[in-house]
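Visitor: Positions annotated as domain 'Transposase putative helix-turn-helix' by TrEMBL: 1-47. The annotation domain 'Probable transposase IS891/IS1136/IS1341' is assigned in TrEMBL to 171-289. Per TrEMBL, domain 'Cas12f1-like TNB' is recorded for 302-369.
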Amino acid sequence: MERLKAYKFRLYPNEEQELFFAKSFGCVRKVYNLMLNDRIIGYEETKNDSSKKRIFPTPAKYKKEFPYLKEVDSLALANAQRNLDKAYKNFFRDKSIGFPRFKSKKNPVQSYTTNNQNGTVALLNNKFIKVPKLKSLIRIKLHRQPKGMIKSATISRHSSGKYYISLLCKEEIIELPKVNSAIGIDLGITDFAILSNGQKIDNNKFTSKMAKKLKREQRKLSRRALLAKQKSINLYDARNYQKQKRKVARLHEKVVNQRTDFLNKLSTAIIKNHDIICIEDLNTKGMLRNPKLAKSISDVSWSSFVTKLQYKADWYGREIIKIDKWFPSSQICSECGHKDGKKSLKIREWACPICHTCHDRDINASINILTEGLRIKSLS
Ligand SMILES: [Zn+2]
C-alpha cells in the first residue's frame, strides 16, 4: 500500500530568499483572491454551482494583467487555483461551511504549495533544499529523514517569523503483523486517555503548564492593546504590543507543536500494539461533558487524536471500532454487566452493588467500550 506522509522542517532563508517567499505568498494570495472574485460574480449571477456552466479564467489570464505574477513559481499559482476549486466544490456540497473567503495579508500563516517535477524539489546533503524558480539553496534543519518520493512542498511563514517547509512524500508501506490484541480507549479530561488495560495517559504534562503560560501572555497582550488605545497609538506602531504579539505567537506555536508530537507518539504506540481499537464516537462528546473544563484544548486534541488513529489504522491494517456516543460506558459494571445508573463527574470510584467489584470510573468505562466494540464487531 502507498501512503502520503507530510514531514515538516524549519527553513532558514536568507534575505533574498525571504523576499522571494514574500513575493510568492503575495502572488498566490493575489491570484486566489482574483479568482474568488470572479467566482463570486458568477455565483451572484446564477446563485448556482456556476463552475459547471462557466469557464473561469486560469492564472495565465491574470499574468497578462499583472505581469509580476510571472516572477513566481507558476505551480504555486496553479495550486492556488486547485485550492480554490476544492473550497468552492466543498461549499456546494455543504453550504454550512460557508463560501470561500478572501485570503488576507494579516493571516497568521502565509504559505504556498509547489510540486516536485523530476527533482525540482530536492534535498542536498541533508542541509539544503531547492525549490522551483529560486536559484539559491535554502538552509533546512532536517531533524528526521523523510522517506519516499517528494510529491509536493508547502512553504509557510508563521506570525512568529519562523519559516517551515512541509514535504508531502509518497511511500510504500507494509501492514504491521497481527499482535492479537484489542483495546478500549476512554477519552478523559484529567487524564488525556484511559486504556482498558489500566493504563492512564496523563494530560497535564503537555498542556496545562504551557496553556497557563500562554493565557498569562495573552492577557498581557490585551493589556498592551488597551494601553496603546488609551494613548491613541495605532497597534501597528505600538512596539511593546508588537513585541508581545510575537511572543504569544511563538508560545502558541510551541504548544501546538508539543501537542502534535504527543498525539503522534501516542497514536503510533496504540496502533503498533493493538489490532482492534475501540473508541467512543466523538462528534458531540465535548458538549456532553462538562463544558467548563479546559474544553477547547481537549476538544481539539481528541478529534485530532482520533483522526490520527484512523489514518494510521488504515495504513497499517488495524481496525477502529467507534461506539455510539449514547452508550453508557460509565454506568455499567464491567465485571458483571449490572447497569448502575448515571454518575456525576465527581464520582471517580464506585463499587458495584451486585458483584462488589471496586471500579475506577475511567478504567471501567474503557473496558466497557472495549466489550461493546467487540460485540459490534461480532455482529458484522
Ligand atoms: Zn458488578
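Each Cβ is built from the backbone N, Cα and C atoms, and glycine gets one as well.
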Visitor: Which residue counts does DSSP give the domain 'Transposase putative helix-turn-helix' (1-47) for helix, strand and coil?
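Guide: Helix/strand/coil tally for the domain 'Transposase putative helix-turn-helix' (1-47): 32 helix, 11 strand, 4 coil.
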Visitor: For the domain 'Cas12f1-like TNB' (302-369), would you mind checking the mean pLDDT of the predicted model?
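Guide: Averaging the confidence scores along the domain 'Cas12f1-like TNB' (302-369) gives 92.
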Visitor: Of the residues in the domain 'Cas12f1-like TNB' (302-369), how many are helix, strand and coil by DSSP?
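Guide: Within the domain 'Cas12f1-like TNB' (302-369) the tally stands at 24 helix, 13 strand, 31 coil.
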Visitor: Could you count the residues of the domain 'Probable transposase IS891/IS1136/IS1341' (171-289) that DSSP puts in helix, in strand and in coil?
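Guide: Grouping H, G, I as helix and E, B as strand yields 62 helix, 21 strand, 36 coil.
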